[in-house]
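Engineer: This is the structure I have questions about; it appears just below.
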Amino acid sequence: MSTNPKPQRKTKRNTNRRPQDVKFPGGGQIVGGVYLLTRRGPRLGVRATRKTSERSQPRGRRQPIPKARRPEGRAWAQPGYPWPLYGNEGLGWAGWLLSPRGSRPSWGPTDPRRRSRNLGKVIDTLTCGFADLMGYIPLVGAPLGGASRALAHGVRVLEDGVNYATGNLPGCSFSIFLSALMSCLTAPASAYEVRNVSGIYHVTNDCSNSSIAYEAAGMIMHTPGCVPCVREDNSSRCWVALTPTLAARNASVPTTTIRRHVDLLVGAATLCSAMYVGDLCGSVFLVSQLITFSPRRYETVQDCNCSLYPGHVSGHRMAWDMMMNWSPTAALVVSQLLRIPQAVVDIVAGAHWGVLAGLAYYPMVGNWAKVLIVMLLFAGVDGANTHTVGGTEGFTTQRFTSLFTLGPSQKIQLINTNGSWHINRTALNCNDSFKTGFLAALFYVHKFNASGCPEHMASCRPIDKFDQGWGPVTYAEPSISEQRPYCWHYAPRPCGTIPASEVCGPVYCFTPSPVVVGTTDRF
């Protein structure tokens, strides 16, 4: 039995339909579905095909193939022949220089405008149009046009990189509108503020006029790392720093007004993103920033020498002050992150519907980076209950860690000179010998340096030596001889206000242990 398949009968369905050759009376014909014209006589280098009627006759002498006739006379300046002394190359370069590229712009498939979208269309139209315009210039149009085209392609490469970074990374789909908000509400961190006094520049913490971003009723928004010094009624005073970028006349000024601004802006950004016109809104917002004029409400000067935080300059306050000077950006980010929990409560309690809409919409579309930006924006102006940024957290940590403080590691010795006790002629602060934590003193008593303690306590006055009186409570004015911090009745002298013009150098000295010299609080 054969295994070959059974032959099928050819029908109209299984028959391969091949085009038939058709000849036309005019001489043309269709061969294999292609229309061919009749050849009119032999060409140079090609032998003529014999006619059908001539095939039965004997072939005559083969005709030679005609060749092109060599021209007579000069050989240069002819098609295919060079000019003498490299004239052909020179004239070619001359023609390339004299013919502007703009008369025949052809970007081809690599045209940057083919891959543009949103704001990129505007940028690529400007760069490519500039390249075409440069090509119209005679003599230098060709090289300038080529360089401009290369520049346009380079800009397009940068745009592709930005589009990839902001569109393909999870949760990092930024819009121009939020970038515009960041440029308005959080000014870039500056390095140091300086003031010019008779041609001499001094480093100061007072904000310059260029550091002021926005002024409202009783509040000033500024760059981080400085504090506004406002002149009112012929006197200059430092304003209270509510946040690293927001200062108020006093700590009781509510920040509701500036927070409503943020609420409105975030709500507008959310609406633009939901309507897929975020880039258009951002472009309009950025352009409006260039033409918006905000009148000055206050006169900011630089003769206060403000501290970055008001009040007594403690060690932790001093450390935060130095951090603000060293890295204003890091201090700004840390302070805003620490305020996010309180900002969440204020958003809900204050009914900030624009911020709530943004926090509800952006997680649904997976833009978690925008959620963080909105929280940082609101935390940057959430200073209603904030008096010192980072100072509260630092003071709380200091109170807890002070229980375990072992005191100074240096073995000190107290010396009694004319009734006053001093520390062995070192630069250590006298109070450091008594800064041993309570728990550390209980469990590490053998390591606690208690030299001179009995003598110290013996010089303290008993309670019956104090004055008895009645009436309102007032501040005592102890004499210099009564300044004994080791006694239980020690009362420090009240802090006074020192004008900045009378302070030469820093307000505190850095010895082996920081010693606070004074502060220039001017309220």
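Counting begins at 1 with the first residue displayed.
Cβ coordinates are placed from backbone N, Cα and C, and glycine is handled just like the others.
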Engineer: Candidates are Asn234, Asn325; I want to know which one Swiss-Prot annotates as N-linked glycosylation site.
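Structural biologist: The candidate carrying the N-linked glycosylation site note in Swiss-Prot is Asn234.
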Engineer: Between 127-147, 169-189, 274-294, I'd like to know which one Swiss-Prot lists as transmembrane segment.
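Structural biologist: Going through 127-147, 169-189, 274-294 one by one, Swiss-Prot flags 169-189 as transmembrane segment.
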Engineer: Pick from 66-71, 102-107, 252-257: which stretch is listed in Swiss-Prot under motif 'Nuclear localization signal'?
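Structural biologist: So the range that Swiss-Prot calls motif 'Nuclear localization signal' is 66-71.
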Engineer: Spatially, and counting Cα to Cα, which of the glycosylation sites is closest to Ser116 (phosphoserine)? Options: Asn209, Asn234, Asn250, Asn305.
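Structural biologist: Result for Ser116 (phosphoserine): the nearest of the glycosylation sites is Asn209.
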Engineer: Give the three-state DSSP assignment (helix, strand or coil) for Asn209 (N-linked glycosylation site).
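Structural biologist: Note: Asn209 (N-linked glycosylation site) is helical by DSSP.
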Engineer: Looking only at Cβ atoms, how many others are within 10 Å of the one on Asn234 (N-linked glycosylation site)?
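Structural biologist: A 10 Å sphere around the Cβ of Asn234 (N-linked glycosylation site) contains 5 other Cβ atoms.
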Engineer: Name the one residue among Asn234, Asn250, Asn305 whose Cα is closest in three-dimensional space to that of Asn209 (N-linked glycosylation site); these are the glycosylation sites.
Structural biologist: Asn305
Engineer: Under DSSP, is Asn250 (N-linked glycosylation site) part of a helix or a strand, or is it coil?
Structural biologist: coil
Engineer: Let me check the 10 A CB neighbour count of Ser116 (phosphoserine). How many other CB atoms are there?
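Structural biologist: 18, counting other Cβ atoms within 10 Å of Ser116 (phosphoserine).
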